[in-house]
Amino acid sequence: MDTPTWEVVAALKRNQVLNSIPKEWRKPNIRKEMISSGYVNTYEYLNLILPPEENAITNLSMLELATNIAKGNYTSYNVTKAFCHRAALAHQILNCCIEIFFDEALKKAKELDDVFQKTSKVVGPFHGIPISLKDQVDLPGKDSSIGYVSLVGKPKTEIALLAKILQDKGAIFYVKTTVPMAMMAPQTVSNLHGYTYNALNINLSSGGSSGGEGALLGSGASCCGIGTDIGGSIRIPSCFQGLYALKPSTGRISYLNVTNSYSGQELIPSVIGPMARSLKDIEFFTETVIASEAWKIDSKLLPIPWKNQSHLKSKKLIFGVLKTDGIVKPHPPIIRALNEVVAVLEKSGYEVIEISIPFQKDMLDTVVKVFSADARFEINNESQKTGEPVVSVVKRFVSDKIFKKPITVNEWWDLGNQVYKIRQMFLELWNNTAIQTLSGNSIDAIIAPIWASTSFLPESKADHLYTSLFNICDCPCVVFPFTKVDANIDLSDVSYKPLNEEDKENNDMYDPVLFDNMPVCLQVVTKKLEEEKCLAAASSIMDCLTN
């Protein structure tokens with residue numbers, strides 16, 4: 001019997017995903033109907049066509065849902081069904097799911113309802129809460145194909161420790177979401193699933209590599225999801241969909257039994273964290289997970305208990321703002337957001353200073369070398385198993401041109417020394433901000449862009465990273481939405497003279513009409529392992545904005 005071609009395997013997988021949706025929820029023309037109705041925003045369109053009683057559920061935050069379930073106002077079954085229905089439609093518009101298992105989710109919801117009915121108690125803080133998972137988070141009996149055709153039909157036997165922690169506390173899993181090939185790209189495209197579009201504007205990219213997660217959350221079809229981040233993969237999709245998110249430092253949240261590219265590459269390790277529509281949900285998730293003391297099971301975790309930093313919300317923290325990295329200037333709405341956040345903080349009595357990163361180019365060069373150290377051997381090898389081509393966006397991010405062949409151990413050690421040098425330079429830069437501040441103390445946190453645009457057209461050559469400095473330096477980052485693009489205000493700067501070709505490409509890409517109404521998100525960054533402080537800093541910023 002002939003081995004099926006990669007095209008056949010990919011087509012069968014896509015059909016399998018669609019066939020996992022109940023017949024009454026299959027709408028093959030829904031994307032066309034949405035466009036013909038004049039909508040580009042999937043969240044708004046789904047609110048229009050779905051039952052009001054389901055919207056009432058899916059528009060709540062995770063904490064609000066948990067409270068309502070614990071009070072008996074909603075059953076786990078009704079909550080799960082509402083999110084499954086919305087996810088089914090969102091996938092058919094955005095192409096954001098790679099595994100769908102609604103039947104299992106609804107069965108689990110019924111079991112939780114039975115427990116609640118008998119005991120009048122919830123099994124844990126996530127009782128009855130549907131949580132979506134990035135494809136790489138292992139579940140028994142489910143593929144973790146991470147964008148490769150070769151990994152289809154090879155289900156996992158173990159459950160990721162993080163998933164087990166959530167499940168034991170009452171969470172319900174119902175989908176796994178799309179990723180780019182090898183999860184090494186800032187947009188979500190693979191030969192396996194195709195392209196994943198932006199939930200708030202289907203003409204644009206959802207970002208990557210947690211792009212399926214970002215799209216699902218942005219459409220309102222998830223209240224909380226799990227992403228991973230090695231160069232911006234949690235932050236970029238969260239930014240493009242107006243979400244909150246946490247990229248933690250290494251060693252705070254378990255990566256055990258999470259499938260990964262370049263497993264064992266520890267110079268710039270991937271981390272795992274929550275994405276949600278509420279900052280309080282991010283805080284709730286992180287505190288609950290860290291309180292589970294998973295370091296007793298996962299040897300890579302650091303035994304650092306959760307430290308309540310709520311007192312910092314009343315302290316006047318000192319912020320440093322990074323407006324540009326000196327290589328690619330962010331688009332006008334992002335510059336406006338940075339100026340406005342400074343004004344808002346200063347009006348509320350916070351000290352804000354401007355900072356710059358003089359070694360940004362060296363840092364980016366080092367990141368690319370780390371990611372390309374095997375001369376793309378792993379990706380080429382996995383792709384060649386089925387003959388599928390390496391997708392172009394991954395080729396740009398993981399080069400086979402920098403090194404002709406995988407580098408030697410000695411060259412890897414040299415790279416390790418370069419990473420250490422950059423971390424030291426960054427720490428010294430941070431500590432030296434004390435010279436600039438009125439108090440003589442160094443800054444508490446940095447506010448920076450996440451990307452130089454609020455999204456981009458699918459398949460665009462948009463590759464410049466504002467995120468990777470904080471990966472190489474292992475800093476926690478919190479994403480928060482600050483404003484939206486306003487085509488009447490955020491006009492193109494026709495007098496701007498680009499600094500280089502990459503800057504010119506980014507500048508030429510800007511179209512205020514195309515990006516109108518897109519969210520403008522920023523990231524707040526603290527020193528390594530200061531997740532609690534980072535969340536408190538984000539909360540302080542949001543309080544200033546609200547007030």
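Just so you know, glycine gets a Cβ as well, placed from its N, Cα and C.
Annotation for Lys134 (active site, charge relay system): same-chain Cβ neighbours under 8 Å, separated by at least 6 residues, are Lys176, Thr177, Val179, Ser210, Gly212, Glu213, Gly225, Ile226, Gly227, Thr228. Per Swiss-Prot, the feature active site, charge relay system maps to Lys134 (among others).
The feature active site, charge relay system is assigned by Swiss-Prot to Ser209 (among others). The Cβ of Ser209 (active site, charge relay system) has 37 neighbouring Cβ atoms from other residues within 10 Å, across all protein chains displayed. Following the DSSP three-state reduction, the secondary structure of Ser209 (active site, charge relay system) is coil.
Less than 8 angstroms from the CB of Ser233 (active site, acyl-ester intermediate) sit Met183, Pro186, Gly208, Ser209, Ser210, Gly227, Ser270, each of them six or more residues away in the same chain. What Swiss-Prot lists as active site, acyl-ester intermediate is Ser233.
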Taking DSSP as the reference, which of helix, strand or coil describes Ser233 (active site, acyl-ester intermediate)? coil
